Amino acid sequence: MFFPHSLPFLSFSFNLLVVALEEKIIVSKLGDNATLSCIYRGRELRLKNLRVYWQIADDQEECSVVHALISGQDNESEQCIHFKNRTQLFWDRLEKGDFSLLLLNVSQSDEHTYKCVVLEKTEYTRVIHQAEVVLSLAASYSQPILSGPIRNSDSTGEEVTFSCRSDNGYPEPNVYWINKTDNSHLPPSELKITPHTDGTYSVFSTLKVKGNSNMQIECSIENKILRENLSANYTQQKQSNSSSTESHKNLEKNGRGAQAAGIVSIVILIGLLAVLTCWLWRRRSSKHVSYTGNE
């Protein structure tokens, strides 16, 4: 009789004599469903002659059975409690040789190397296919928030502090500080990575440098598993004294021009009112004379 706990020994023996071992690496995000691939590309099969075992291959724990299919029926008698009600085979694909496993709501504790072993029983039981799948988990970090000194302030020669924060990612990230004027990397003054109850991390880092009039600093958060690199940039370009003086002169000039235009507008308005008043007075006087003459 074939027992799941004897799988590592049997699969190794058959591996030398019968079938090569396929290996794949898949990446899934925390909380998503992951499909562990196991596909036999030979002839069509009859389910009643098959035994399919999914097991944890990289851990020597007492329980290693993730999912078992025996003679066309799921067998939960030796399934690990951690995987109860979290695994499914694709029933419409089994007879075509697709023994992939759907693992629901993955978490950090699911990061393992999984082994799929397919046995067929005819005159005797033999391994016809086996595969390994490495499951890596990840979660995207939030867009980093970069804080620095007030822009256009005179901090030349003084020590200034930048801070960078990003949240809810997995696994632990790489954090880079970059001087964008020459693309050189700067060592962080502080780096703190905080784990959360849901398994994700927050990262907080600071950078202390001497200020100058043209600071261009970038904070970059790298998630190697997802191949994501999120960055935030700080740029300070201080105005020169000559340009500031010129700008001040222009403001004064524009102010004087606006004041003169306002005075001219008031004078024109007073003139119009005077003309209108004079015209109304003359019209009223002519009507009075005309009325008196008729009498």
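Numbering starts at 1 and runs along the chain as it is shown here.
A Cβ is built for glycine as well, from the same backbone N, Cα and C atoms used for every other residue.
Given the structure is predicted, the values throughout are model-derived calculations rather than measurements.
As written in TrEMBL, here are the features:
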type	residues	note
SIGNAL	1-20	signal peptide
DOMAIN	8-134	domain 'Ig-like'
DOMAIN	144-231	domain 'Ig-like'
REGION	234-253	region 'Disordered'
COMPBIAS	234-245	compositional bias 'Polar residues'
TRANSMEM	260-281	transmembrane segment
Helix, strand, coil: count each for the residues of the domain 'Ig-like' (8-134), based on DSSP. 22 helix, 54 strand, 51 coil
Model confidence over the domain 'Ig-like' (8-134), as mean pLDDT, sits at 86
